[in-house]
2 protein chains.
Amino acid sequence: MKITVLGCGRWGSFHAWYADHIGHDVTLWGRPGSQHLQELLETRKNEYLSLPASISLTSDLKAALDAADICIISISAQQLRSFARQLKAAGFAPSLPFVLAMKGLEEGSGKRLTTVMAEELEPAVRTAVWVGPGHVQDFISGMPNCMVIASADEGLTHFLVDTFTSPLIRFYYGQDLLGIEIGAAAKNVMGIAAGMLDGAHLTSLKGALMARGAHELSVLVAAMGGQAMTVYGLSHLGDYEATLFSLHSNNRRFGQDFIEGRPFKKLAEGVSTTEALLDLSQKYGVELPITAAVHAIIKEKKDPHEVLKNLFLRSTKCE
Amino acid sequence: MKITVLGCGRWGSFHAWYADHIGHDVTLWGRPGSQHLQELLETRKNEYLSLPASISLTSDLKAALDAADICIISISAQQLRSFARQLKAAGFAPSLPFVLAMKGLEEGSGKRLTTVMAEELEPAVRTAVWVGPGHVQDFISGMPNCMVIASADEGLTHFLVDTFTSPLIRFYYGQDLLGIEIGAAAKNVMGIAAGMLDGAHLTSLKGALMARGAHELSVLVAAMGGQAMTVYGLSHLGDYEATLFSLHSNNRRFGQDFIEGRPFKKLAEGVSTTEALLDLSQKYGVELPITAAVHAIIKEKKDPHEVLKNLFLRSTKCE
């Protein structure tokens, strides 16, 4: 199968490596002027992996789209809307499936990424998401994991699972696209909260964070029309190992650095997701106390120790 | 309030320390000849903590029971039945509440610990459980956590929560005693499974373990007449940080040592719980694939790598 991967950062380059690793014919695109692409063109390596010669590298979007049977997109979630406009301008076959290998919600609208795609391309655009646990570093070292692919079109889900399954990644068929997208995005917020607990020497409260975090999101997902239990599957709870505990987790690291007053290069993806979730909280009338606490610490500059202790330790209640 | 703690191992001595710490009048009992008690009598210390002089130490069970307004029991779960017979022989006021600060199910019968108490004492015995996350080492160093108290008698639950709540431990009222007891016991089995994944260099699969482990137990709890969602609260999922990730976790350590072929002093509590859960699995017709895998590795000597990979990575399915 001919696979094009759009975006050549950590996850984009991994998706290209993986598709090649399981025998597909791969093109990896980076935007003209991308430092990541430049590095790969010069050395065929980045911090995480080496790309075999069989993978084509290009900055020509039209050519990358024309070459594809399936197109994987892995860019920053907040850039998806403008990127979708670029895709429309470049043109592609109406049947081309897009797989969003990214996690987030649009800041300002709270919209899911598949919604952004449908709005900017056309309602019938064939879009799926590929989410769940796993670190690039672990996969490259041969450590397997389970992930999930979901779309509104069951036939497309099965086609993609058949195309990408291997002993390194075993897929589950996602059956609740809404719940999977919200859960996958929101786990980054819980990752920031976990890092904040680490930074505040309250690591032991990560257990309560897992139970209460998944709970608040399950209520939101149900209010939005999804299945509450989806949050307890691979896309959210199943990603907690990678997000709340691993040293590789960017969002966890960001939360800890923030509390410890260490400088950080850029806001983690979870920060935008926090804003988007609070919009949804208001729209659907669902309280999200952990998400609101993360927001209060980062955006309202509230005292982290006080906010975190209040969150878990103030009142006695029923579960 | 006069609090007696029966059992002076790691958790028993902590419960005595904690009840004293929050201002109660405490008696700590150990069986005659107990090495733990001997050590405490001689040094007032153990590996984890120092007991203030205000705590009375005794090996006289009758005196310890007579002194109590509330009695906390913290011994090995498999010894509870014979210990309950000792309690009956010693005699105690019918209104005395017992709090089981221990996690397990009876091997051979699959019975819950409150059931064992009711069978050996009398059906109306006032018994509650006190479970949830937290390590003795963390509490002693001042790191707070959330825990849960549950009983069949709502008034007793509220009385106990009022008696024991403090800034160090904040309680939730447990409302599903069955689900809480099964979940609290079963988290030790998931702890062993987590250690096995660490030992097999499959740590990244702990995410899938969390999602699938909680799922299989929620199905069992529902089949037994409890609430499926209880498993996703503090007693089970909320205890995963302490059990699946912490280096302090005995069950996780046992699983890792088992896989790595390192000698271990004694079987972890979770091993007995595995047997008990498989009895319940058969009795209620509910498949428990992770529990069965732990059993296959420990008791049937199956190849751990093969069993663990088959568990998570064999077939493609719906979540």
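Any Cβ shown, glycine's included, is placed from N, Cα and C.
So that you can see what the record holds, here are the features copied from TrEMBL:
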type     : residues                                                    : note
DOMAIN   : B:2-154                                                     : domain 'Glycerol-3-phosphate dehydrogenase NAD-dependent N-terminal'
BINDING  : B:GLY7, B:CYS8, B:GLY9, B:ARG10, B:TRP11, B:GLY12, B:LYS266 : NAD(+) binding site
BINDING  : B:TRP11, B:ARG31, B:TYR48, B:LYS103, B:GLU269               : NADPH binding site
BINDING  : B:LYS103, B:GLY132, B:LYS187, B:ASP239, B:SER249, B:ASN251  : sn-glycerol 3-phosphate binding site
DOMAIN   : B:176-308                                                   : domain 'Glycerol-3-phosphate dehydrogenase NAD-dependent C-terminal'
ACT_SITE : B:LYS187                                                    : active site, proton acceptor
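Of all Cβ atoms in the shown protein chains, 26 besides its own fall within 10 Å of the Cβ of B:GLY7 (NAD(+) binding site).
When Cβ atoms from all protein chains are considered, those within 10 Å of B:TRP11 (NAD(+) binding site) total 20, not counting its own. Mapped onto DSSP classes, the domain 'Glycerol-3-phosphate dehydrogenase NAD-dependent C-terminal' (B:176-308) shows 100 helix, 0 strand, 33 coil. B:SER249 (sn-glycerol 3-phosphate binding site) sits 11 Å from B:GLU269 (NADPH binding site), taking the C-alpha atoms as the reference points. Using a cut-off of under 8 A between C-beta atoms, the binding-site residues B:CYS8, B:ASP239, B:GLU269 that neighbour chain A are B:ASP239. Summary for the binding-site residues B:ARG31, B:LYS103: the Cβ-based neighbour count within 10 Å is maximal at B:LYS103.
Fewest Cβ neighbours within 10 Å among the binding-site residues B:ASP239, B:GLU269: that distinction goes to B:GLU269. In sequence order, B:LYS103, B:SER235, B:HIS236, B:ASP239, B:TYR240, B:THR243 are the residues near B:LYS187 (sn-glycerol 3-phosphate binding site), counting only same-chain partners six or more apart with C-beta under 8 A. Cα distances from B:ARG10 (NAD(+) binding site) to the binding-site residues B:ARG31, B:TYR48, B:GLY132, B:ASN251, B:GLU269 are smallest for B:TYR48. Per Cα geometry, B:TRP11 is the residue among the binding-site residues B:GLY7, B:CYS8, B:TRP11, B:GLY12 nearest to B:GLU269 (NADPH binding site).
In terms of Cα spacing, the binding-site residues B:GLY7, B:CYS8, B:TRP11, B:GLY12, B:LYS266 that come within 10 Å of B:ARG31 (NADPH binding site) are B:GLY7, B:CYS8. Sparsest Cβ environment among the binding-site residues B:GLY9, B:GLY12, B:GLY132 (other Cβ atoms counted within 10 Å): B:GLY9. In the three-state DSSP scheme, B:CYS8 (NAD(+) binding site) falls into the coil class.
Take the CB of B:ASN251 (sn-glycerol 3-phosphate binding site) and look out to 10 A: across all protein chains shown you find 24 other CB atoms.
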